[in-house]
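Everything below concerns the one structure shown next.
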Amino acid sequence: MSSERPDGSAVGDAVPKDTAVGGATDSSRTSNDASQTSQDTAVQETPPKEAPAKEAPAKPASELTQSKWKIALLLGLILMSMFLVALDRSILATAIPRITDEFDSAGDIGWYGSAYLLTCCSFQLLYGKVYTFFDIKTVFVANLLLFEVASAICGAAPSSTVLIVGRALAGIGAAGIFAGTIIAMVFLIPLRHRPKIQGLFGAVFGITSISGPLIGGGFTTNVTWRWCFYINLPIGGVALIAIALWMEVPNKPTANLPLAEKIRGLDLLGTAVFIPCIICLLLALQWGGTTYAWSSGRIIALLVVFSVTFVVYAALQAFRPKTSTIPPLYFLPLWFQTVKGVSAAESGVHLLPVMISMIVGSVTGGFFNAKVGYYSPLAVTGSTIMTIGAALIYTFKVDTSTGRWIGSLILYGIGLGWSFQAPNLAVQTSLAKKDVPSALALIMFVGLLAQAVFVSVGDNVFDTQAARNLSWIPGFTASELTSSGAVSFLTALSPSQRVEAIEDYNSALRKVFMIGLVLCAVCVPGLASMEWKSVKSRGSWDEKPAAKPTDKPTEEKKVPPEAV
């Protein structure tokens, strides 16, 4: 309510202008008796046109301290860094055959991807803590520099072993860049605008999924596979220098903590237990049933170590809560190449419907969430559509028409683009500011871990099911299929055998698609059960609530310190 003065003006009509723009100032925190005289004077001296009936929403600190052009430039540089990391995940696929020919290292093929994924996944949670206690710009620039050095090592690698080491280092840097891009956005962009930006992040991954294999194939064919890594140097160098010079991130409450206290907060003991835990799990899933039998001593030992370290890590998180840290697109090219008989390049073209629709869904979903505010409706709708698309993919047969598989992929891509933003927006809207870095790191870790686990599970399911289906071929052995590759194995068969073998391949791949369908279906109730909150909600921790003309000056004192 506003109190009336002798001249008819209301106290609440003049004061909120300053408090809405500047936040809760020191003067607004003084007692009413001490500030009454100055407020009366301000009311009398303010012309009527200076006291609008409705004030604009308060701007967060990031909009006051940096211009829109500078924030746009910084976002472009951050997106460039994310582009490099995303490109690094897709550009290598077409270069691997040439790499193995040069190094005579067919047995190391799995390590070129696994070394990167193991370190990227294992260090994800640690970086959530690092960004909580240390300067965001310093950590981000350091990881970008590490990624650049690792790319140079990979490009100049004289042997397969050096290349694997370089990939492992690149994974560590990529983990820091993954976490840093989202966390930097939290401090640069107001919550109500973040859905649009996260839509751009999704578009970056979609673009690199399309361009990565094409760029890698072009370098490998026309220049050398080493340029798949060298390309990171000039692009990343520009981003690194510009971010180091221009990025400004507000100080966090933990900035002034002693170094020893920051290190204690990193949960180094938990990390030391967690990293071997995840490595043992991923190695067991990658090797089990393919390189080694599930009953072999190595696989059993890996699973035992994983189980023990997981229990220890869970105990550490439970008893030390103050420091605790807690696949259709992969197999579709194989379906196109084996069942539909297209080339590797053509299979990449056939993925365009799902990639383009995912980009469109991501961008449109971002703008929709920013406009409406509530992210849950689109998340539930998107996950439902994604599940329908996954169900249609599961029904693929040898004679599935072009229109049907294109429509199925479009549905899957649209649903994926609409729903993938929800977890990131949920933690930014619901959690306290100090908890957001760890929560975002946890989300990214779970995504990377799920990718590693279920791709390995899918590999095992396909190899096992295909070997069982093809056992009718005279002299066939499972090792023959894994050593020669699915496509090469088909070409070695007679025409009559090939027709039946293609049916067997399709049956095996449908088992893999069933895994994706189940995972998509599980997402629907999970997203539907999330608390409905709006990114425009009043009192978001990084934006001060808009002042209303009827607010009393004393009500501005109720703004919590963490909202400033």
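Quick reminder: no glycine exception, Cβ is built from N, Cα and C everywhere.
Sequence annotations record features per position, and here Swiss-Prot assigns compositional bias 'Polar residues' to 25-44.
Per Swiss-Prot, the feature compositional bias 'Basic and acidic residues' maps to 47-57 (among others).
Annotated compositional bias 'Basic and acidic residues' per Swiss-Prot: 539-564 (among others), in sequence order.
Marked as N-linked glycosylation site by Swiss-Prot on the basis of sequence analysis: ASN222 (among others). DSSP assigns ASN222 (N-linked glycosylation site) to a helical segment in the three-state reduction.
According to Swiss-Prot, the N-linked glycosylation site annotation covers ASN469 (among others). Just so you know, the Cβ of ASN469 (N-linked glycosylation site) picks up 18 other Cβ atoms within 10 Å once every protein chain is counted.
Taken from Swiss-Prot, the feature region 'Disordered' covers 1-61 (among others).
What Swiss-Prot records for 534-564 (among others) is region 'Disordered'.
Residues or ranges marked as transmembrane segment by Swiss-Prot on the basis of sequence analysis: 71-91 (among others).
Swiss-Prot lists 106-126 (among others) with the feature transmembrane segment.
What Swiss-Prot records for 169-189 (among others) is transmembrane segment, and it gives sequence analysis as the kind of evidence.
Taken from Swiss-Prot, the feature transmembrane segment covers 199-219 (among others), and the record attributes it to sequence analysis.
Tertiary proximity for the transmembrane segment (227-247) is limited to same-chain residues at least six positions away from its ends with a CB under 8 Å from its CB atoms, namely 70, 73-74, 77-78, 80-81, 83-84, 87-88, 91-92, 95, 137, 140-141, 144-145, 147-148, 151-152, 154-155, 166, 184, 215-216, 219-220. As annotated by Swiss-Prot, transmembrane segment applies to 227-247 (among others).
Positions annotated as transmembrane segment by Swiss-Prot, on the basis of sequence analysis: 265-285 (among others).
For 299-319 (among others), the entry in Swiss-Prot reads transmembrane segment.
According to Swiss-Prot, the transmembrane segment annotation covers 348-368 (among others), on the basis of sequence analysis.
Sequence annotations record features per position, and here Swiss-Prot assigns transmembrane segment to 376-396 (among others). Within the chain carrying the transmembrane segment (376-396), a Cβ under 8 angstroms from the stretch's Cβ atoms is held by residues 328, 332, 335, 339, 361, 365, 368-369, 404-405, 407-422, 506, 509-510, 513-514, 516-517, 520-521, 523-524, 527-528, 530, 532, all 6 or more beyond its ends.
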* To do: Flag the pair the transmembrane segment (199-219) / the transmembrane segment (106-126) as in contact if three or more Cβ pairs fall under 8 Å (sequence separation 6 or more).
  => no
* **Nearest-integer angstrom distance between the alpha carbons (Cα) of ASN469 (N-linked glycosylation site) and ASN222 (N-linked glycosylation site)** => 40
* To do: Give the one range among 71-91, 169-189, 348-368, 405-425 whose Cβ atoms make the most pairs under 8 Å with those of the transmembrane segment (106-126).
  => 169-189
* Report, as numbers and ranges, every residue of the chain located at least six residues beyond the transmembrane segment (405-425) whose Cβ falls under 8 Å of a Cβ in that stretch; write 'none' if there are none. => 182, 194-195, 198-199, 202, 206, 328, 332, 350-351, 353-366, 369, 375-376, 378-390, 392-393, 396, 440, 443, 520, 523, 527, 530, 535
